[in-house]
Amino acid sequence: MNSAYLLFLLLHFSALSFALSIQDDFASDKKIVRMQIKHRHKRGSIYVKSRKLTIDTDYLASVEVGTPGQSLNFLIDSGSPEMWMTSSLCDSSCSTSDAYFDPSKSSTFLSNNTEWIMTYAGGQSVSGIFGKDVVNIGGIHVIDQTIGLLVNSDIDLTFDGIMGVGRSVDSDYGTLTPFDNMIAQQLISEPLYTARFVKVPDDDNGGEFIFGAIDYSKVLGDITYSPITENNHWQINCSGLYLGQESLTPGDNYTSFCALDTGSPGLLLYSHLADAIHSRIPGAGYYDTDETRDGSAVIYTVPCDTDNSLGPLVYEIESRKFSIPISDIVGDPIEGDEDNCLSSIGGNSDPGTAWILGSLFMERYLIIYNQGTEPPTVGIAYRTDVDYN
């Protein structure tokens, strides 16, 4: 499995619900699936070495599975190529949600009894069996979709499953994502999708996923496209990292893999870069280290009143700069300490893994995942609905 899940486990949050609808308003002949996000702020809990941390925000979609449709809330994850969900086969460890998929109540479910297991950070895992069924995404019926039914889980889930929209070639089991099945079944006009997240807690306008087209009314200026790396994931090359005007990466020819991951809420960097950033924030500190598949992850704290006096965190991609205000990395307060908050920047000890740009980055930019080019590309655009002043 790829490392894009690292922050998803370390910083998994809330629940949001989505209203989904088919929209053909970009052009009369276009087939588009538009997924409107509703923001429902809810604190979730995770445990690092038996210490409870709280933080917020994931982006979940209500999707119907089976015939008749059973509605579940999914994390839409560009870092994963598989789709799995809680099920009636699951033991009590599977989910804190009351929602689950019951295959016996679907007339179109077909089981192949193939077992699957996925291991996340810290060695925690989910496992179950595969089957196939109809998946209703905004009124579009994707048939013969491979779905994983959860049977056992080491993770206390705050959602009902993951709908992977990563690269199908990365699947350990040879499965196709719902996105690739939409393309194969000619359900959408263009082989691409976009992600737009809005940082507006307790507001119905939480953003959207669009499959099949780009909403250019949300694009400010040019779109910067970058080809994916040879590792096939939705990851591209970043050529620099800055804090304000200070470069944190050496040389003019520096590159690092950067994964644009809708399933991760925060940012992940190599530990020496995360250390450098937090050492420059007055009052920031080290919180803990958690073992992962790819080394270890360092968790930091920052003062809850951290301002933007140091300047923004800036990523350079294809010679263009994309910034995040430092105040945006302030997470929820540490339990019992209202002055210090979790940082949304984590450090990874393994320099061979990708930087992760999660939903914190996507709250400021429109991200385009384009399967129609060779090689596939990721596009990043400034948005008309974000104030960059």
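Yeah, the Cβs are placed from backbone N, Cα and C, and that goes for glycine too.
Caution: TrEMBL annotation is automatic and unverified by curators.
The signal peptide feature in TrEMBL is assigned to 1-19.
According to TrEMBL, the domain 'Peptidase A1' annotation covers 59-381.
Taken from TrEMBL, the feature active site covers Asp77 (among others). When other Cβ atoms within 10 Å of the Cβ of Asp77 (active site) are tallied across all protein chains shown, the result is 25.
For Asp261 (among others), the entry in TrEMBL reads active site. Cβ-based neighbour count (10 Å, all protein chains) for Asp261 (active site) stands at 35.
As annotated by TrEMBL, disulfide bond applies to Cys304-Cys341. A C-beta separation below 8 Å, combined with a sequence spacing of at least six in one chain, links Cys341 (disulfide bond) to Thr301, Val302, Pro303, Cys304, Thr306, Val330, Gly331, Asp332, Pro333, Ile334.
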Quick one: Cα separation, Asp261 (active site) versus Asp77 (active site), in Å?
7
Neighbouring CB atoms within 10 angstroms of the CB of Cys304 (disulfide bond), all protein chains considered, total 17
